[in-house]
Amino acid sequence: MSAGNMSHDLGPPRDPLAIVIPVTVVYSLIFITGVVGNISTCIVIKKNRSMHTATNYYLFSLAISDFLLLLSGVPQEVSYIWSKYPYVFGEYICIGRGLLAETSANATVLTITAFTVERYIAICHPFLGQAMSKLSRAIRIIVLVWIMAIVTAIPQAAQFGIEHYSGVEQCGIVRVIVKHSFQLSTFIFFLAPMSIILVLYLLIGVHLYRSTLVEGPASVARRQQLKSVPSDTILYRYGGSGTAMSFNGGGSGAGTAGLMGGSGAQLSSVRGRLNHYGTRRVLRMLVAVVVCFFLCWAPFHAQRLIAIYAPARGAKLRDQHEFVYTVMTYVSGVLYYLSTCINPLLYNIMSHKFREAFKAVLFGKKVSKGSLNSRNNIESRRLRRALTNSSQTQRFSIESAEQPKPSIMQNPTNKPPVAAQYAMIGVQVN
């Protein structure tokens with residue numbers, strides 16, 4: 001869509017340099033940042049097997065869609081800024097760009113919606129999430145997302161073609177295949193997903209708030225002591241058995257079966273306290289992604305609706321509408337492509353392990369489990385100290401008279417299982 005679509009008067013072929021140059025610089029920075037960030041995201045996830053989790057698979061899909069959106073849109077967008085007409089790329093490129101852009105946009109919003117549902121199930125219905133293979137389910141959902149994105153993009157893209165205004169060629173809508181297609185797109189791929197996401201986060205927030213009330217003030221105080229510890233993943237090593245259990249919701253449950261000599265009630269209490277704080281960090285990360293998505297994409301859909309309804313307002317208001325449309329075109333264009341480089345930045349800032357793996361890839365170092373966990377060894381000691389200090393006011397050990405005494409078979413070392421060890425490893429948050 002171009003400003004020329006609002007009037008048969010195409011106007012000047014280029015806006016003033018005071019607008020064109022800054023916008024070009026912004027587009028260039030977005031393109032470089034987005035391409036580097038999304039390609040690096042894919043490489044980091046692919047090379048590090050410990051990051052082959054459901055959440056990272058969604059992130060991988062998101063990076064692919066963002067990269068395709070940048071590749072198909074920014075070069076032609078910059079070309080259009082410097083020369084609004086004539087369109088020199090031909091009809092095939094015009095239609096192909098529409099197909100790729102619509103597919104990528106649809107895949108982005110569907111992916112964000114999908115892993116929001118994934119987080120809701122993991123936090124509010126953990127037993128349901130553990131009953132199914134999260135990784136295999138994520139793969140199936142991602143494949144379905146891309147199929148839906150392509151199928152719904154084809155009718156949109158097929159409407160594009162080369163149109164002629166006063167003998168000047170432009171890329172625009174030349175045929176109507178689906179009536180009210182852009183209105184439907186706004187509802188299906190923006191309003192409905194955002195409503196679903198907001199409702200699910202509200203339910204998650206209520207669930208976490210109720211969990212806080214159940215745990216009581218002592219648990220809140222303990223969580224305050226854990227705030228200095230990164231929560232990529234917290235593992236609990238119990239009674240020297242050497243069996244670790246992930247508290248990020250992404251494990252298979254094998255760690256639970258390997259625990260020896262422990263109290264189920266105590267283990268549940270420890271798991272709840274540690275997992276609660278880690279879940280809140282995961283939640284903040286996903287909320288940030290969703291909020292940025294809304295801020296970046298709302299102007300894009302608003303600009304589309306203005307382009308559709310503004311011409312019907314009448315000739316007297318046409319100039320005002322054209323000014324608003326022109327401003328919205330620049331604002332929505334910048335924010336539209338800015339969304340493609342925000343996701344890698346958000347995940348790098350909020351995930352210690354991803355940040356370490358990202359730096360390792362950038363500096364050409366081999367991505368290894370040990371290199372990603374070097375800092376976590378220090379943080380594990382901080383975690384142990386925090387838990388030791390908190391136990392002075394309320395010990396969460398199994399030294400209670402209500403707990404059965406461990407047998408020799410349960411504790412081969414014949415040491416009291418109160419010697420619980422806590423360790424941090426660099427498993428990506430799932």
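Just so you know, glycine gets a Cβ as well, placed from its N, Cα and C.
Among the features that Swiss-Prot reports, compositional bias 'Polar residues' is placed at 388-397. What Swiss-Prot records for Cys94-Cys171 is disulfide bond. Annotated N-linked glycosylation site per Swiss-Prot: Asn5, in sequence order. Marked as region 'Disordered' by Swiss-Prot: 388-413. Per Swiss-Prot, topological domain 'Extracellular' is recorded for 1-16, 75-96, 162-185, 303-321. Taken from Swiss-Prot, the feature topological domain 'Cytoplasmic' applies to 38-53, 118-140, 207-281, 343-430. Annotated transmembrane segment per Swiss-Prot: 17-37, 54-74, 97-117, 141-161, 186-206, 282-302, 322-342, in sequence order, evidence recorded as sequence analysis.
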Maximum Cβ pairs under 8 Å to the transmembrane segment (186-206) - stretch from the list 17-37, 54-74, 97-117, 141-161, 322-342:
97-117
Counting other Cβ atoms within 10 Å of each residue's Cβ, which of the disulfide-bonded residues Cys94, Cys171 comes out lowest?
Cys94
Cβ pairs under 8 Å only, please: of the recorded stretches 17-37, 54-74, 97-117, 282-302, 322-342, which one is richest in them relative to the transmembrane segment (141-161)?
97-117
Which residues of the same chain, at least 6 past either end of the transmembrane segment (54-74), have a Cβ under 8 Å from a Cβ in it?
27, 30-31, 34-35, 37-39, 41-42, 45-46, 96-97, 100-101, 103-105, 107-108, 111-112, 114-115, 118, 134-135, 137-139, 142, 145-146, 149, 250, 336-337, 339-341, 343-344, 347, 428-430
Using a Cβ cut-off of under 8 Å, list the residues of the same chain at least 6 residues beyond the transmembrane segment (97-117) that approach it.
54-55, 58, 61-62, 64-66, 68-69, 71-73, 76, 89, 138, 141-142, 145-146, 148-150, 152-154, 156-157, 159-160, 171, 185, 189-190, 193, 196-197, 200-201, 286, 289-290, 293, 297, 339
Helix, strand, coil residue numbers for the topological domain 'Extracellular' (75-96) per DSSP?
14 helix, 0 strand, 8 coil
Average pLDDT across the topological domain 'Extracellular' (303-321), rounded to a whole number:
67
